[in-house]
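As recorded in TrEMBL, the features of this protein are as follows:
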DOMAIN    5-448  domain 'Major facilitator superfamily (MFS) profile'
TRANSMEM  53-73  transmembrane segment
TRANSMEM  85-105  transmembrane segment
TRANSMEM  111-134  transmembrane segment
TRANSMEM  146-164  transmembrane segment
TRANSMEM  176-197  transmembrane segment
TRANSMEM  262-286  transmembrane segment
TRANSMEM  298-320  transmembrane segment
TRANSMEM  327-349  transmembrane segment
TRANSMEM  355-373  transmembrane segment
TRANSMEM  394-418  transmembrane segment
TRANSMEM  424-444  transmembrane segment
Amino acid sequence: LFLAVCAVGIGGTFQYGYNVSIINAPTQHIHMFLNETWTSRYHRDLSPDLLTFLWSVIASIFSLGGLCGALMGGSMAIRLGRKGALLMNNVIAILASILMGISFPTGLFELLIAGRFLIGINSGIGLCVQPLYIGEVAPKHLRGSMAMGSSIFLTGGILTGQIIGLRELLGAEKYWPLLLSSSCFPAFAQLLFLPWFPESPRYLLIDRGDELSCARALKRFHGSSEYRQEMEDIQRECFALDGEKPKKPWQLFTDRGVRWQLITVIVMTMGQQLSGINAIYFYATYIFEQAGISAKRIPYVTLGTGSCECLTALTCGLLIDYVGRRCLIIGGYLLMTLWSIVLTFSLTYQELYPWVPYVSMAAIFAFILSFGLGPGGITNTLTAELFIQSSRPAAYMIAGTISWISFFTIGMLFPFIVNGLKQYCFLVFLLECSLVATFIFLVIPETKNKSFLEIQKEFHKLNFGRNT
């Protein structure tokens, strides 16, 4: 089970974290490449406004690709299987790496844009299918810890990208095409290791009706003496579904039986993206500069933020099946509310005392730790747990679409929010975090150690009223 999580993680959420992270290091080098290419092609200088626009396209086209990937991921998981979709996804990553790698020697920045779009599609599919696979192969007493594998690999990808992007490694000017094309290595690793693991047993029995392959896969994952309980659980779910085919995303919106599960996933996904975590990363460089850290050393301090996220994902993975989902996610949002208050005050009085910037730095790390401990990892876990087999791929498509739209929106709007509200922008995130924590407290039941059918019955009361 542990090796299966590693095999799906390396080419799944790791790619997303890695490709979000590595684009930051070569920013100046890509600006120079765009200038030189434009000058040699059109014999005139590239205007600053057009340079900003081209860079914005290169940076944000990744989100558009992610949105397309999220819309494709659920359908691929149904047609090709969870494992088949992940394997096919690596072809997209390898093609993206080739395009980004040859953009500099060919002098075609359009290839860089196309490569970023394709690697976005790869990340969108990975973010959709990987949690689906892990959620379905895990026994219920380990489901939380295993589902946290998605977050651990995502944060591991961010940290790895930050390390590889240092100027001593591939962050130097002459190496940036290699840095951007290095995402082919996780893809090759998954193509090498994932074929050794079985397809999702739930998919094999419920979607394919292949009981023999399901039993064989369960024996591999749970051992020949322990697999029967899981088999009975899958058979009960199969019987309850009564041959129901996988649903399309639009069918979930009209299905009263999943109304509150869907509302919950939408609120949690938007809450995760709009919680202020992106604002923290936008503000980090400014706060580090205010604390007197030189521009050359800031990339090394930024490694601390990546390490924080990685550490909390691991901690959350160890705690989730003991403490429970509700406690961790509500606690995470409440702590983020507290650190938003601290940041608002410390940024307001940043220049009043020499020690205040260090309070801001501490609040940034604390905010990241709180996010990783709750919303960062548990959101994906709950998306897998709140739906039964026929609705789960469609639910991940909806969650992925909302996540990428929110990610794109905050990226576009955040500079305007900061310019308009300055340090008071964190009051917006404070309100958002406290509202999401209240919603989760009132609506979401504890899902620890419960089967998918038991969780569905909990929501049955909300969806149909308590007397049904």
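Our numbering is plain: 1 for the first residue shown, then up by one each step along the chain.
Glycine is treated like the rest: Cβ placed from N, Cα and C.
All TrEMBL annotations are machine predictions without curation.
Relative to the transmembrane segment (298-320), the listed stretch 146-164 leads the set 146-164, 176-197, 424-444 in CB pairs under 8 A.
Remote same-chain partners of the transmembrane segment (327-349), defined as residues 6 or more beyond its termini with a Cβ less than 8 Å from a stretch Cβ, comprise 268, 271, 275-276, 283, 287, 316, 319-320, 356-357, 359-360, 363-364, 366-367, 370-371, 373-376, 378-379, 382, 422-424, 426-427, 429-430, 433-434, 436-437, 440-441.
Across the residues of the domain 'Major facilitator superfamily (MFS) profile' (5-448), the predicted structure has a mean pLDDT of 85.
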